[in-house]
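So the structure is just underneath, and the comments pick up after that.
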Amino acid sequence: MSTALVSGASTYETSPPIPSQELLDRNAKSAESHKIRVSLHDNWEKFPRNAIITCMDSRVHPHKQLGLADHDTTIIRNTSGRVTELIDTILTSHYKGTRHFMLIKHTDCGGFYTTGPKFKEHFKAHTKNPDALDSLPAYSASDKRGFGDATIEQVVLSDVEYLRNSPLIFEETTISGWVFDDNTGKVRGLWLIFQGCYELLIVFWIDLTGRLKEFAAFTMIHGIRNYGQTMEEELDKGKSNDSREM
């Protein structure tokens with residue numbers, strides 16, 4: 001389950017609806033320092049090769065939190081950053097040159113606190129047509145909302161696996177999974193490593209100091225998953241083999 005933000009640890013104010021004229025005024029001020037950029041019309045090679053797929057939560061700032069410049073990556077957002085609902089946008093980015101998709105989710109995501117029944121109940125109480133939601137395939141099943149009992153790591157890996165197994169994703173494309181900790185401000189990575197005729201999925205999370213935090217592994221051979229041993233067991237086995245060879 002997610003780790004909620006510590007109460008009182010920081011001030012987070014919710015902005016009221018912003019009047020249209022105020023937005024125009026803000027834009028006018030911003031436009032004063034605007035610089036004309038290269039058009040992509042005949043310059044597709046300028047399109048970022050990296051794309052971040054993340055949550056629409058306003059607390060998540062990938063460029064700032066990863067120290068990226070605007071031209072380093074494109075940002076694709078939706079509810080909880082779920083790739084299953086973004087495949088058209090992902091493929092468009094892929095077509096334009098993206099070869100590394102970074103799936104970033106965060107520990108205090110609303111997906112932990114949203115359930116299908118509560119979601120539907122809210123809309124049926126406020127929408128113009130209470131039955132309209134049932135006509136939409138994406139919302140007709142109550143289990144479509146929220147993460148359920150899954151951990152944030154499981155949610156990330158589920159999306160990584162979904163995208164990695166898509167027949168529409170180019171073979172040379174990198175799919176990586178990440179978790180942003182809302183409490184610490186640190187990002188930890190979940191990495192995919194492919195070896196030989198089988199896929200060895202090594203899951204480990206590293207804080208920004210590069211210190212190994214946790215480890216788990218499993219292999220997929222001809223579609224059959226075999227759960228691997230822990231890192232400690234693998235290391236012990238390696239030491240034993242080294243001793244015998246000596």
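Even glycines carry a Cβ here, placed using N, Cα and C.
TrEMBL entries are annotated by machine, without manual review.
Note on TrEMBL: of 1-22, 67-88, 133-154, the range annotated with the feature region 'Disordered' is 1-22.
The Cβ of His106 (Zn(2+) binding site) lies under 8 Å from the Cβ of Thr54, Cys55, Asp57, Arg59, Val60, Ile152, Val179, Phe180, Asp181, Asp182, each of which sits 6+ residues away along the same chain. Cβ crowding, taken as the number of other Cβ atoms within 10 Å, peaks at Cys109 among the binding-site residues Cys55, Cys109.
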